[in-house]
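Chemist: Take a look at the following structure, please.
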Amino acid sequence: GGPGSYTVGTMSERFDCHYCRDALHGKKYVQKEGRHCCVKCFEKFCANTCTECKKPIGADSKELHFKNRYWHDNCFRCFKCYTSLVNEPFMLRENNKVWCSSCTAKEDAPRCKGCFKPIIAGDQNVEYKKMVWHKDCFTCSQCKQVIGSGSFFPKGDDFYCVSCHEHKFAKTCAKCKNPITSGGLTYQEKPWHSECFICSNCKKPLGGKRFTAVEEEFYCVECYKECVAKKCAGCKNPITAGFGRGTSVVNYEDESWHDYCFKCTKCARGLANKRFVCHNGKIYCAECPKRL
């Protein structure tokens, strides 16, 4: 039985202990289920066992009971924080352990992936794919600064702030060496910012436009013709190989010609890849100088 199922007093009549038969007159006794017994026999045969300390709950002890389980009043404490739960709300959990409501809430709360402590109601937190962090525990794997509710990039089990992700994983521009976070273009298998891939002369963007490369410089069609291309000694126009008709160039001494402009001054016969004669600074086929 529980509290109240037995009475304790001092025997004034002549009774013997039900178990050991010792006289109880003038002694402390316990009456349970109509039987009288001494205190020693009560603890041995009748007392409830404390769920916590596993010792009998003697006649002189205060007893608490819940769902057919019994405790000494000083054993009825929170399993985690040891606070007395007499007259306090409690929860009976696994292994017959009693918990206070505060410790129960913490134990059942989700655990922070950063500090492994519980995230309780009211804590600011960050959730991602069934994982949760205290807001201040959600930090960049690289610089260790708090990301909190800011933008981040997941990589495997790591998380990066925008800045660290750019420097660690983004492509680096071949010209300015800074990360390319969006857009950009590729030339000769190297990445470029669109704003870095520009004409070396007029600075206009070259993305999607025709251009030519001279060593490590790039030029739009117009600037190449005006500033870079050699002038044909015949027609005096720029020799812009690759931009149109002039795909072959004839060089002689310090001058250059479109292949179709390299012809006899007298008979206009094309001389590209043929024998020619230079006379008084002019080009002739092998026959015409004889006729001069």
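The first residue you see is number 1, and the count goes up from there.
Including glycine, each Cβ sits where the backbone N, Cα and C put it.
According to TrEMBL, the protein has these features:
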{"type": "DOMAIN", "residues": "48-109", "note": "domain 'LIM zinc-binding'"}
{"type": "DOMAIN", "residues": "110-171", "note": "domain 'LIM zinc-binding'"}
{"type": "DOMAIN", "residues": "230-292", "note": "domain 'LIM zinc-binding'"}
Chemist: Do you know the DSSP helix, strand and coil residue counts for the domain 'LIM zinc-binding' (48-109)?
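Modeler: DSSP composition of the domain 'LIM zinc-binding' (48-109): 14 helix, 20 strand, 28 coil.
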Chemist: Compute the average pLDDT of the predicted model within the domain 'LIM zinc-binding' (48-109).
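Modeler: When the pLDDT values over the domain 'LIM zinc-binding' (48-109) are averaged, the result is 85.
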Chemist: May I have the DSSP-based helix, strand and coil counts for the residues of the domain 'LIM zinc-binding' (230-292)?
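Modeler: Output for the domain 'LIM zinc-binding' (230-292) reads 4 helix, 21 strand, 38 coil.
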Chemist: Using DSSP, break the domain 'LIM zinc-binding' (110-171) down into helix, strand and coil residues and give each count.
Modeler: 11 helix, 21 strand, 30 coil
